[in-house]
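Taken verbatim from Swiss-Prot:
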- LYS27: site 'Transition state stabilizer' (SITE)
- GLY62, GLY63, ARG84, ASN178: substrate binding site (BINDING)
- LYS237: site 'Transition state stabilizer' (SITE)
Amino acid sequence: MRIDTVNVLLEALPYIKEFYGKTFVIKFGGSAMKEEKAKKAFIQDIILLKYTGIKPVIVHGGGPAISQMMKELGIEPVFKNGHRVTDERTMEIVEMVLVGKINKEIVMNINLHGGRAVGICGKDSKLIVAEKETKYGDLGFVGKVKQVNPEILHALIENDYIPVIAPVGIGEDGHSYNINADTAAAEIAKSLMAEKLILLTDVDGVLKDGKLLSTLTPEEAENLIKDGVVTGGMIPKVECAISAVREGVGAVHIINGGLEHAILLEIFSRKGIGTMIKESEG
């Protein structure tokens, strides 16, 4: 038993050395947010990353909690092509849940476990300037990222804080916009030239014929979309990954957040547990 523990530490050592001082942007969502054990393991993983010299930045989602709050308030959520229609009242609820509830819970849990987290949203210091998303028809106040101003993040990171970001952006008109958390995380990772972007999902990664694909280049990932291998909700995640890698992010990892300590297993082991997308070494 003892030698197993030593071997785990020795396997992690080269990765700890390689990533010391590097920035990781982590999108927290899916099963990892819903299951208590996975949620606790996520917090522990973040603390451990921090204490090994990595600079974690968290971007979180919260779709199910938003829908739950709407129902409690007697409002039926409306979706169009899988995207939430966000009118003025819905946007108020989105902001209340993401910024006022989920964000603060994550910050509190990190701080209770020995970290130093600060919660912000995309509106703070104009971190995320948004504009209306029209790709899927008129969804109301659903936005896409127009610009990221990462100065506030640099200030927090340099002062040893862990930024926790709710993906609510601000438009040029001063209005709040609901932004997809994967997209927000990818754009923030680009702006920070992060070493890694880690997307927590409800599946093991990118699958082909039921088998996990451990590594992909952006070109291979694109072909999987074209060939219909990557479908449904995985398409925007893979598109985010391709875009991030092509714009300066070292690697993107798509992993199952429902697995306890998924981040550590992916980052600090040779085999990993999910799909890594990065440019080919050649």
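Heads up, the Cβ atoms here are built off N, Cα and C, so glycines get one too.
Bear in mind that the values here come from a model prediction, so they are computed numbers and not experimental data.
Sequence-distant neighbours of LYS27 (site 'Transition state stabilizer') (same chain, 6+ residues apart, CB-CB distance under 8 A): ILE58, VAL59, HIS60, GLY61, ALA181, ASP182, ALA185, LEU197, ILE198, LEU199, LEU200. When the record's substrate-binding residues GLY62, GLY63, ARG84, ASN178 are compared pairwise by CA position, the greatest distance found is 12 Å. GLY62 (substrate binding site) carries neither a helix nor a strand DSSP state and counts as coil. With a 10 A radius on its CB, GLY63 (substrate binding site) counts 19 other CB atoms from all the protein chains.
Same-chain residues that are not part of GLY62, GLY63, ARG84, ASN178 yet have a Cβ within 8 Å of the Cβ center of the substrate site turn out to be GLY61, ILE66, SER67, THR86, VAL94, LEU98. Comparing ASN178 (substrate binding site) with LYS237 (site 'Transition state stabilizer'), their Cα atoms are 17 Å apart once rounded. Note: the CA-CA distance between LYS237 (site 'Transition state stabilizer') and GLY63 (substrate binding site) rounds to 16 Å. Note on ARG84 (substrate binding site): other Cβ atoms within 10 Å of its Cβ, all shown chains, come to 20.
Non-local neighbourhood of GLY62 (substrate binding site): GLY29, MET33, VAL97, LEU98, ILE102, ALA166, ALA181, each in the same chain, at least six residues away, with C-beta under 8 Å from its C-beta. There are 26 other CB atoms within 10 A of the CB of ASN178 (substrate binding site), with all protein chains counted. For LYS237 (site 'Transition state stabilizer'), the Cβ neighbour count at a 10 Å cut-off comes to 25, with all displayed protein chains included.
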